[in-house]
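If you check TrEMBL, you get these features:
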{"type": "BINDING", "residues": "G17, P18, A19, G20, S21, G22, K23, S24, S25", "note": "ATP binding site"}
{"type": "DOMAIN", "residues": "13-224", "note": "domain 'Cytidylate kinase'"}
Amino acid sequence: MTDSRPFDESVVVAIDGPAGSGKSSVSKGVAARLGYGYLDTGAVYRALAWSMVEAGRDTDDAASALEAFESLDVHISLEPHDFAITVGGTDVAAAIREPRVTAAVSGVARVAGVREGLNGLFRSLVAQSARPGVVVEGRDITTVVAPDAPVRILLTADPEVRAARRSAELEGQDAATVADAIRRRDASDSAVVDFQTAADGVTVVDSTHLDFEQTVSAVLEVVDQKMGAHHGR
């Protein structure tokens with residue numbers, strides 16, 4: 001899982017952004033429209049966190065997290081319309097979204113060895129895809145995981161909008177609680193990587209005043225422009 005080769009830059013659309021920015025839903029929509037595969041890297045981090053929580057392990061213990069990663073048996077689909085992820089053969093697609101996992105995932109994501117290992121896994125998954133391309137989404141995708149991808153996008157929105165969107169997705173959790181969780185997640189992730197500032201060559205798409213379809217269209221415009229330039233059109 002420690003493959004350090006770069007992605008084949010001709011097939012990757014990398015989408016980064018903070019919690020609640022719409023990365024997952026927009027990335028799925030873009031992948032479906034392009035006929036590409038879809039890789040939710042955050043789901044794999046969540047799967048690792050879930051496995052540790054289930055086993056009663058401390059997700060803030062770097063050595064324990066690295067040990068759990070080394071033995072992680074995770075499989076994830078690249079189908080935008082049929083997302084599936086299993087750990088040890090157990091379907092965890094719903095379980096990894098539970099609040100207890102959300103609270104634990106930043107701990108495992110801070111471990112350098114875990115991040116390096118998972119980046120190798122992500123590269124392997126993209127290389128093995130039968131699709132003409134893959135939309136890869138998650139934190140630091142544009143800067144660390146796929147810095148040479150021909151299309152790199154930072155999808156963002158105002159914090160209040162992100163909180164409202166995430167609250168609408170998570171039934172039973174009020175907006176104030178979700179907003180606080182997003183603030184804490186932003187603060188935790190900022191300690192690892194500057195994910196809210198676009199690096200050179202990364203295009204910002206601000207969805208604050210856009211609905212879902214408008215955001216997908218805005219991203220597709222960037223893809224068309226960047227791929228045209230990439231192929232000399």
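Placed from the backbone N, Cα and C atoms, the Cβ positions cover glycine too.
TrEMBL does not curate its annotations; it predicts them automatically.
Around S25 (ATP binding site), the same-chain residues six or more apart in sequence whose CB sits under 8 Å from its CB are F212, listed in sequence order. Shown in sequence order, V26, L155, A157, R162, R165 are the same-chain residues outside G17, P18, A19, G20, S21, G22, K23, S24, S25 whose Cβ sits within 8 Å of the Cβ centre of the ATP site.
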